[in-house]
Amino acid sequence: MARLLLVCLGGALGSGARYLTSAWALRAFGPDFPRGTLLVNVSGSFLLAGIMTASLQSEAVPPDLRLFLAAGVMGGFTTYSSFNYETLALVEQGRLAAAAAYLLATVVGCLVAAFAATLLVRWLAG
């Protein structure tokens with residue numbers, strides 16, 4: 001039960017952070033492209049890869065903290081369902097180039113971010 005509570009608390013924090021990040025992106029860039037979701041998914045991929053790499057390479061991140069951060073915070077922060085919905089909305093609006101750019105930027109951006117975080121954590125760990 002305690003581990004479930006850790007995931008739930010982390011999820012609440014991650015969801016709140018996602019809302020704030022998306023709201024900021026909407027104010028900063030406008031509604032023409034889903035930059036907020038792109039930002040949370042790419043940065044979330046970077047952070048999750050960093051958390052997992054650090055926790056699996058050493059005991060510096062205890063299992064309960066890893067659960068709180070990875071499944072909880074990052075699970076609440078990133079959003080695959082919004083990515084899919086926003087891609088479909090762009091297609092339905094006839095904005096095929098924007099949909100393709102969003103799809104490519106998300107998939108490639110998330111993979112590059114995860115790879116970069118993994119390399120960074122391994123480099124920092126020596």
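Including glycine, each Cβ sits where the backbone N, Cα and C put it.
Swiss-Prot lists 4-24 (among others) with the feature transmembrane segment. Sequence-distant contacts of the transmembrane segment (4-24) (same chain, at least 6 residues past either end, Cβ-Cβ under 8 Å): 36-37, 39-40, 43, 64, 67-69, 71-79.
Same-chain residues lying 6 or more positions outside the transmembrane segment (36-56) and placing a CB less than 8 Å from one of its CB atoms are 17-18, 21-26, 63, 65-66, 69-70, 74, 77-80, 82-83, 86, 102, 105-106, 109-111, 113-118, 120-122, 125. Annotated transmembrane segment per Swiss-Prot: 36-56 (among others), in sequence order, evidence recorded as sequence analysis.
Annotation comment: Swiss-Prot describes 67-85 (among others) as transmembrane segment.
DSSP assigns Thr78 (Na(+) binding site) to coil, not to a helix or a strand. The number of other CB atoms found within 10 A of the CB of Thr78 (Na(+) binding site), across every protein chain shown, is 21. The annotation Na(+) binding site is assigned in Swiss-Prot to Gly75, Thr78 on the grounds of sequence analysis.
Taken from Swiss-Prot, the feature transmembrane segment covers 101-121 (among others), and the record attributes it to sequence analysis. Proximity of distant same-chain residues to the transmembrane segment (101-121), defined by a Cβ-Cβ separation under 8 Å and at least 6 residues beyond the stretch ends, is recorded for 33-34, 37-38, 41-43, 45-50, 53-54, 57, 83, 86-87, 90.
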Would you count the other CB atoms within 10 A of the CB of Gly75 (Na(+) binding site), including those on all shown protein chains?
17
